[in-house]
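Worksheet: one structure, shown below.
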Ligand SMILES: N[C@@H](CCC[C@H](N)C(=O)O)C(=O)O
């Protein structure tokens, strides 16, 4: 039996177990352990697990696992939480450049705790498909625009799962975002997300709302886009280029420590 110290963070309800792994003791291949730590009944409970490690060129590296136990692609909300955790560990001040699954990211923390995360540029045209708009914001995302007043009642688990496991996406999987546009100008875009790797609806997805904001810009949304998830509000700023790509993409929102403790595993 081992005792593991952990921290628990959340960003708009997307929650993460955080481990200070600067001594690089955690075995990345131990998916049973990651699953156990993320288990809401037998473990700590989270949508994912993040290791904070030292990096030779950057302030730190974040290694992200989905709750299924496997290494994931970029996690936007998790990155914002990792930045807040790195500040708590004394690794950074209010500005950082760190390494994540899709390369290096810059981030800034405001006095009120809002974390602004620079995403990678999204190059090329969005792919409009039978199922919706598909784009990669560090993780793969399908964006499906819903008719007015249908999002609240939608069975996101069933509909998202059916798309994630259909013939088009089964092999690599995709996250699926269901979106309702503002009823009146100035109101937020509403988003609910089925997450690959969690294999359920989560309260919020950072790379997901980023994908939604970029797709919504083709439907009249202007930067910064205000998005409302079941777990809270996020903002996405960007420059849309004439060739269909997006640069200077920033995801902004809160990231909070919930509790810390030890667990025997
Ligand atoms: N919740 C995350 C998304 C994490 C990645 C995703 N589950 C995947 O591996 O596809 C976010 O906030 O971006």
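A Cβ is built for glycine as well, from the same backbone N, Cα and C atoms used for every other residue.
Whatever TrEMBL says is automated annotation, not expert-curated.
The active site, proton donor annotation in TrEMBL covers 75. According to TrEMBL, the feature active site, proton acceptor maps to 205. Summarising the annotation, TrEMBL assigns substrate binding site to 14, 66, 76, 77, 175, 195, 196, 206, 207.
What TrEMBL annotates, mapped onto the structure for a quick look.
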residue	record	contacts (Cβ under 8 Å, 6+ apart)
14	substrate binding site	47, 48, 75, 77, 78, 202, 203, 204, 205, 206, 231
76	substrate binding site	117, 119, 137, 138, 139, 205, 206, 207, 208, 209, 210, 251
175	substrate binding site	139, 140, 141, 142, 164, 193, 194, 195, 196, 205, 207, 208
Out of 75, 205, which has the highest number of nearby Cβ atoms, where nearby means within 10 Å of its Cβ, if these are the active-site residues?
-> 205
Residues within 8 Å of the 14, 66, 76, 77, 175, 195, 196, 206, 207 Cβ centre (excluding the substrate site residues themselves) | 47, 48, 72, 75, 78, 139, 193, 198, 202, 205, 208
Quick tally, other C-beta within 10 angstroms, 196, 207; top of the binding-site residues is 207
Could you tell me the maximum Cα-Cα distance in Å between the residues recorded as binding substrate, namely 14, 66, 76, 77, 175, 195, 196, 206, 207, rounded to a whole number?
-> 15
